[in-house]
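Listed in TrEMBL for this protein:
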- 398-512: domain 'Cyclic nucleotide-binding' (DOMAIN)
- 64-87: transmembrane segment (TRANSMEM)
- 93-112: transmembrane segment (TRANSMEM)
- 141-163: transmembrane segment (TRANSMEM)
- 175-192: transmembrane segment (TRANSMEM)
- 213-235: transmembrane segment (TRANSMEM)
- 295-314: transmembrane segment (TRANSMEM)
């Protein structure tokens, strides 16, 4: 079982006891709503000070309760049509016990909803006031929940007991009709499907997993569960309606000789006919409807099949549209780029290199690094740059012994660049004002007297960034290279707050081609 976390964990003392299960947990969703761990802790204190029994929307009890109710509701929505259509009152003690248990649980659920905290999209805290909870529930889902929780299971249990204990033929026939009416009346319990939909929405709201892939999974799961229930109900109706007519001679059940078949065979044929009609295939319904009842069943099946297609396509389109927007934006940018290159009549070789550059630079996902860095806090930005570039700076002799504040100032000036295989990054005897740090990739440094290969973690151009002198070598990329560059102008800005470092660098500037100065 999951352990309590965060503020609720600190309340598991003799003063809190079992009430800790009602308090909000520290997870991604609660942090998103309240903003900080301290705010979640204040929410815990607010609920404890209220002194009333209220289940917080982000509590551990609420999470487990929703998952349990989802399972019970789904089993009800499967079992109730099966019982009415195929079991013919011979459901057995186990199923009747489950019906009574389910009815009891749904009645308790109605009562608990008066003590269930509410979280709304526009509120900064959960609604824990009993009066506001009561008014909100009575105005929204109270009546549908009461109808869905009507205790049909108790009525069926008592009626079955009376039916089996009564040996009077006239009373027995009368009781059989009453039982049939009650079983048909029990169809109102299918209104619990609304609870299933709401439970899915609540799971998505209070889930500790804030990843888009998890949310997408829940949406797909709920969609397929609804489609399954639609097919299941339709299959049960296919058999249930002929049963109400006492199986006329021209009905499909008699034609297929299913009167004495097992429940699994009857159910399989019913679902087969339902699917055949829903997806507009002739299999399973070769003959035209023999009466107006069958005709209406076929029409309803066809319409429900069309609705199923519509919902499936609409949801699939929405999911696809909302999946991986960065990749879609990248494809859109590449499409515009291809139109541009075609319009400008660029050579195919150059077009290929430009396309390869975008792939190497963005990896198939479009993003604006500047936008990302501008939206995070300065502390986070510093940590990101420290992870990405600090090790590269510390390998350069002129940065190795510098204070941390100066290193951080330089980090903020680094620019990310990508070079393709064969690119000339710098050229010999050409004035330069930048130095480069190789994050990933391999380059070759070519001079008149020697060639030298550099790879991950190496650097070149440090003389140019200090003196804006000419490069002493040509540097070409042997592979696709991901580098960080530091310009002379940016270095001067970083040195403004560190005069001692500026003086030291000016005194130690020297040209040393053997040290890799280019």
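Just so you know, glycine gets a Cβ as well, placed from its N, Cα and C.
Those TrEMBL annotations? Automatic predictions, nothing curated.
Helix first, then strand, then coil: DSSP counts for the domain 'Cyclic nucleotide-binding' (398-512) stand at 35 helix, 38 strand, 42 coil.
Three or more CB pairs closer than 8 A are found between the transmembrane segment (93-112) and the transmembrane segment (64-87), so contact between the two stretches is assigned (pairs 6 or more residues apart).
If you average pLDDT over the domain 'Cyclic nucleotide-binding' (398-512) in this model, you get 86.
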